[in-house]
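Participant: Quick one: structure below, then a few questions.
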Amino acid sequence: MWEAIKHRETGQIRSNSFANRFKSRRILSLQLSNRKDFVSPHRGSVNSLQVDLTEGRYLLSGASDGSAAVFDVQRATEYEASGLIAKHKCIFTVDKQHENGHKYAITSAIWYPIDTGLFVTGSYDHYVKVWDTNTSQAVVDFKMPGKVYRTAMSSLAMSHTLIAAGTEDVQVRLCDIASGAFSHTLSGHRDGVMSVEWSTSSEWILYTGGCDGAIRFWDIRRAGCFRVLDQSLTQLGVRPPILKQKAVSIKNFLVQVSAAKSSLGGQNRLKTLQSKNTGSQIVKGSSSAKASVEKSRQKRLHPGMLSTLDRATAHYGVVTGLKATNNGMYLLSAGSDSRIRLWDIESGRNTLLNFETGRIQTNKAIQLDTSDDPALVFVPCMKTVKACDMWSGRATLMLRGHFESVNSCCFNSSDQELYTSGADRQILVWSPGGSVEGEMMQDEVAEDKDNWSD
């Protein structure tokens, strides 16, 4: 540790690389915290967790008993064991006894992206409600045609305040907080929509995963989805566009060289060249005709229409979870086939990474989360949580602590802590093992030792 600080002070290591190295060391040492404990007020399975995007301080939870609670992650309510264990009780809770509370299970609870003054809940009682945090009152509610599985808001939105709601109905509805009405209805899925996720690179792009096994990309400024992911389309054998341009330029160069050589021949050579050129023109004409036919076919085979492309599936079963990476380049999906897939968003192709996950819940939506450095994805796998490397799929961490199935994972990047919840009604904290002082002491002891020490 001291050596790394010395390299940073002398300029041998950049400050951002030093911080990333320190964060990655902390994340890879995650273990069940024995110094922080959340006192859960929920009497049912905790289905959703989210830390606010502005301060990274307040944790929002929603449970199957129809209650939602807010916790202060940084300031403890009380201490036990001579101040060694920090107890975090909820600041406030909204349950069935509330005059505007949900009647049935809350499946999704999310913060308003801009500040902590509002939060949104979705429930099996067919309602999506927007709550005022200061007054604990519902300010807007939306009546849905069926059970609400998942809700999402864009963290980049500057020109709209839309809530994407996935329900047991085949249509995805966008609820406008400003007007209190539905602004869009996205049709395309053939079964209920269990997971929704906004793009992290554009405020207009929405990803949805349905019970029909399909993942669809939507641009809310136009009608119909513009892409349906197909698990059989992979990146194998796909030449990057730069290499394609190089290949075309080399081919044109070779054609010019051959034409220059042929011009040195006689008249017979010229005649043969003319006949070849006429033949090549015919071939070019036929190829251009084929290209126009293919273009017309591509126009007809719009993903929003009935076609073979529209029936493509990303998973064999229900798409239970979606998570876009922070750089907006990749999309992670989980399915009832117990598979985690990594998709290239630009090409829409499957990267064919084999994640070492295991069994995944099949009857309800799960919540994935990621960390940037190192690039890990946290996956609820029944009673355990696995942290898999995003580029190799290898499981680097296996966190055991829940007594029943885990439903959601929420990573707090500011504190390098992981929060998980499950059917055992508990919210567990996974914090980095050891401390900075302990690492420095270990380094000092290692430096004091020599080859002759006992």
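Glycine is treated like the rest: Cβ placed from N, Cα and C.
For 39-81, 99-141, 186-228, 312-353, 399-431, the entry in TrEMBL reads repeat 'WD'.
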Participant: Roughly where does the repeat 'WD' (186-228) sit in mean pLDDT, to the nearest integer?
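Facilitator: Within the repeat 'WD' (186-228), the model's average pLDDT equals 94.
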Participant: What stretch in 39-81, 312-353, 399-431 has the biggest tally of Cβ pairs under 8 Å against the repeat 'WD' (99-141)?
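Facilitator: Selected stretch: 39-81, with the most Cβ pairs under 8 Å.
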Participant: As a quick check of your reading of DSSP, tell me how many residues in the repeat 'WD' (186-228) are helical, how many are strand and how many are coil.
Facilitator: 0 helix, 22 strand, 21 coil
